[in-house]
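A.B. asks: As annotated by Swiss-Prot, region 'Disordered' applies to 164-222. Swiss-Prot lists 117, 119 with the feature site 'Essential for interaction with INCA1'.
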């Protein structure tokens, strides 16, 4: 749990930097829409932003801010997977996690999303922009962050035995793999030793000098 909380805090810090460049972000999207001759459709998915950056972005400044947005979305997607490893989930936490996974999907339609108070990202847009173009894409990250904070709040109320650190399964697997190699090497030694012992035992049971003829008493027969 501590690991996912720290990961979420790290993403929040990156988002604060991104939020300061919201006007640069929407301007970059506007430039890409012009280059793509796609001025009618709203920005409706993460995949659309990805496509704009790869095919219609001609400015290094625009590319940098678009990449910042996509990187944050990618980290949120990875954090969803980490959440699944913390505990098996309850109906409440599973519902929150499913919402997060849906929102962070590359193809999910986010055009109708609107972040409300205390978020003010939509307020920084003009009415036309907020309604028709960028209201959804600027609302995406803060809405996901809110859901993830709510997930953590519910998860922290669960019994301690239900929770497990995200790093534990990985650490356990690594320690198991690390221990298996020397154990296997050590385990082969007794078998080799036993094999040698069996060979020695069989050899020791053979009569010595078996190639010599049987002993006969002097001048007599057996």
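Glycine is no exception: its Cβ is also placed from the backbone N, Cα and C atoms.
Since we're looking at a predicted model, the values are computed, not measured.
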A.B. asks: Which three-state DSSP class does residue 117 (site 'Essential for interaction with INCA1') fall into?
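C.D. replies: Reduced to three states, the DSSP call for residue 117 (site 'Essential for interaction with INCA1') is coil.
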A.B. asks: Other than its own, how many Cβ atoms are within 10 Å of the Cβ belonging to residue 117 (site 'Essential for interaction with INCA1')?
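C.D. replies: Within a 10 Å radius of the Cβ of residue 117 (site 'Essential for interaction with INCA1') lie 6 other Cβ atoms.
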A.B. asks: What number of additional C-beta atoms lies within 10 angstroms of the C-beta atom of residue 119 (site 'Essential for interaction with INCA1')?
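C.D. replies: Within a 10 Å radius of the Cβ of residue 119 (site 'Essential for interaction with INCA1') lie 17 other Cβ atoms.
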